[in-house]
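Each remark here refers to the structure printed beneath this line.
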């Protein structure tokens, strides 16, 4: 016989007050129960002959017999395979309990030789045969004062609701088991005041530990799990504790022997196992408009909860399984609202349980439901955000995975991180999300730091050219010369090849052969008829369907940063209201500018200097395209005029330094117009002899196009005291910027009216001096002058305390070429050096130029345009440059031919630059 006990009592759900067990008894016929001893009771029942009164009498007789013989036997019950336990036609599943109001389930019996709690298994009362069932029927009494006390945490059991609990307290388990055997499956469930202790349900140590108002419950199912007891409780009504009761005060306690009493004693003095209770009743109320409005609002809130979380739907359907109209019963509706809540505190549940006023109880329940609704909305929002975050995390991981093996510049990495962070806060369905996602897709698709390994093998290139093309020896020779020079330099960077000729002569195919010979990716795009500058520089991201320009698309397609790009039909560029594509193309092709090419869509600089363009170069354009075109437009023949290469080079360097060829074309037109006028004026226009050919070389260039625009790059061949050469960035590739300083008035001492505190003597103090600035300086440059003036005063005070030139003298600072606006912070070190040179009356080392922003404490901060400034230094013949320490990398990135002949010194503080600029004063510097 199994030691696991399973009792199933009737649930009062019918109008007659009988339990489901009685209804089952009425609906089924049971066979005879054989009686083997005088202490066993044999019942044979027929559902066709029994009436309600006889059933109650029979049930009472069974309970009385069981009570009288409990000390010698224990009650075991099991259902036959063909029986139905709850009268509703449902199945009983092992260990499963229904959560609906009035529901029940059954547990399976398992054969076990003994009980884990140490209790020996008693002899069985009877063993049901096929079609037989042992049943104890109890009608729930209206008053039941003495009940066992079950203490639970978190939330109470409300009337008409069920709760599945497990007891671990041995004393409470014995008490519950004894009362169930006596046919008294009732208890009082009370909420613990402090829920910190997780060891509940259990008995209370004191009445002060629990709330005084609880719920009278019926134990509808019981399953002995050895050291635990599983109970399915059904709440019936509210009760209030009157006092604590000893175990001996329990009804039918006289039926037990002394050993049983000692075994079931309460143990430690004061533990609350049994209490005396009274029923709690609510105040009278009427279904007025306010009550109806409150119930309607509660129902609406429950519907909102169900719409947010489908789990509430299942819970409500289970609670409403009895078919009762919730709206018609405000009392049940209050408990229903509280039972649905899970985010409230135990005291809030208890307040609803204790409140006698129905209106106030409805208000409390509505407040809890509103709180639960807000919590559900927050959970729904968090869940949605987590789902979106998972999608966004996957997108972010995809983009980061693309960059894993790439060498992304720091400024691009910063932009990507900002956009990824922005993406994480955007809604997945917003338009900005898609814009940001597409932008990141382009940024991460570019081949940052990926290059094709260039092949400069001259023999291989010759073989490929001969294999792909027949004839064209001049073109092949030019290409081989280009590869040979690149081999000596080690790079083809900065070179542009131009092919011109009628259609179909092989311009496009020769470009593809060059790419094959150099082992570069090949990309071609035609600019014929292009009238939108966005095709080259990209669209702004604010426009619908925005995309990067052709060059960025090329990098994405070729997956290298050094492809060969053929710009076809360059002489057929259009021009429209969207801008001038030729100007944008010139910026792209200029080696001085394409290092930091800025696409409108990407909005980050991209280095296109490593791209080999098969397009236009100035000297080549002038020789092969511009001069023949202008000759024809001027009515001249090629044999009538000769322009040397030296003249073209001088024309570009002294007159046309800007990017592009428009100004160069204008000067060539001017030059050839002069030649045409000269020929016509001398009446030799028809002459075709060599003697009549006008030759233009470097010396005669000024006679045709005037004085050079850029006549000299140095204002001083030798700088005097107070004059210093700086370096500035310009659109023409940088320029030497001289700073001149002079004393307007000598330093002097003046007398002030300030008297000493100890006597009436007057002490002389130095005058404040003045500072005048000229040269069309901007606001930033003026601030740099003031900072340099302040720092040079403090530096001079430590170097030569007796020198008051900067403290009290009137100083005038001028930057030549006053008609040209000048601005920027990079002349700070130059200004300070000029002031110190003036004060010390010592010229700076000759052939030395400098650039750098100066802080008030003497730090030399980095500046931009290092490449242009070094070019300006080389033009000016400077052999030494002083640069900020943080610009060392920029200088190292310059091509070798730019660094040749220029010695660079890098400083982080002016005290490091001073010995380089004034070697005679180096030993006198303060420590």
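Glycine too: its Cβ is placed from the backbone N, Cα and C atoms.
For residue 826 (active site), the same-chain residues 6+ apart in sequence whose C-beta sits under 8 angstroms from its C-beta are 726, 727, 728, 729, 851, 852, 853, 863, 864, 865. For 826 (among others), the entry in TrEMBL reads active site.
The 10 Å shell around the Cβ of residue 869 (active site) contains 30 further Cβ atoms across the protein chains shown. TrEMBL lists 869 (among others) with the feature active site.
Summarising the annotation, TrEMBL assigns ATP binding site to 501, 502, 503, 504, 505, 506, 507, 508.
Annotated compositional bias 'Low complexity' per TrEMBL: 95-108, in sequence order.
Residues or ranges marked as compositional bias 'Polar residues' by TrEMBL: 245-254 (among others).
Positions annotated as compositional bias 'Polar residues' by TrEMBL: 758-768 (among others).
Each residue contributes its Cα atom, and for residue 507 (ATP binding site) and residue 869 (active site) those atoms are 37 Å apart.
Counting only residues at least six positions away in the same chain, the Cβ atoms of 524, 566, 568 sit under 8 Å from the Cβ of residue 508 (ATP binding site).
Around the Cβ of residue 507 (ATP binding site), the number of neighbouring Cβ atoms within 10 Å comes to 18.
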